[in-house]
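Take a look at the structure set out below.
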Amino acid sequence: MAGKSGKVNKAWLHDHVNDPYVKLAQKEGYRARAVYKLKEIDEVHHLLAKAQVVVDLGCAPGAWCQYLSRRLGLGKADTVAEPDRPTPKVVGVDLLPMESVPGVQFIQGDFQSDAVLQALQQAVSGRPVDAVVSDMAPNLSGHAATDAARMEALIEMAVDFAQTHLRPEGVMVAKVFHGPGYDPLARLFRQTFRQSKAYKPKASRSRSAETFLIGQGLRT
């Protein structure tokens, strides 16, 4: 078994080192290749063109926050806020620690806890949220039904947050996995948003079961 595990680790390391997205992330100063998933989704679907307030759930190690910070023009020394336009805001949440990102407010803790939800509500300061992006995933047990239930619970909470805090024309992007829990989550997006679709960006490895659900415009 140890020999097989070693072969798998070597294969993963070989793929990782030679991955063009890993090399591009290093070149462009991003912390993880996952940034190109969000970047492609944004570029293809124009989700963040007018965004001013964005919440990033499951944000560690911070690559998505880096992209959002750059996209919204945060952390620039020469940025001058317009008098009648509030400063853009990005708030990231994760159980794991994250090194600071210019212009991003980070909350460390469990998104499913009342304390973190309260801190998140305070962080957005009552401003309507333009986009909620989620790269969250539960700790996997290896038991398909259990993992699907945990993922479903996470995304349901994220959708609940979006329903409460998104502006009417706001957008949500959430990583999900094909499998036992996929259909209920896809249905939830259809019920919650006027437009919903599934999208697998090129940076998602072909062998990965992940895809991203995109919702635009809250149903009233």
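Each residue's number is its place along the chain shown, starting with 1.
Yeah, the Cβs are placed from backbone N, Cα and C, and that goes for glycine too.
Among ASP94, ASP147, the residue that TrEMBL places alongside GLY62, TRP64, ASP110, ASP135 at the S-adenosyl-L-methionine binding site is ASP94.
Taking the Cβ of ASP94 (S-adenosyl-L-methionine binding site) as reference, residues of its chain lying under 8 Å away and at least six apart in sequence are, in sequence order, LEU57, GLY58, CYS59, ALA60, PHE106, GLN108. A Cα-Cα distance of 16 Å separates GLY62 (S-adenosyl-L-methionine binding site) from LYS175 (active site, proton acceptor).
Among the listed binding-site residues, namely GLY62, TRP64, ASP110, ASP135, the Cβ with the most fellow Cβ atoms inside 10 Å is that of TRP64. The two recorded residues, ASP110 (S-adenosyl-L-methionine binding site) and LYS175 (active site, proton acceptor), have Cα atoms 17 Å apart.
Largest Cα-Cα distance over the residues recorded as binding S-adenosyl-L-methionine, namely GLY62, TRP64, ASP94, ASP110, ASP135, equals 18 Å.
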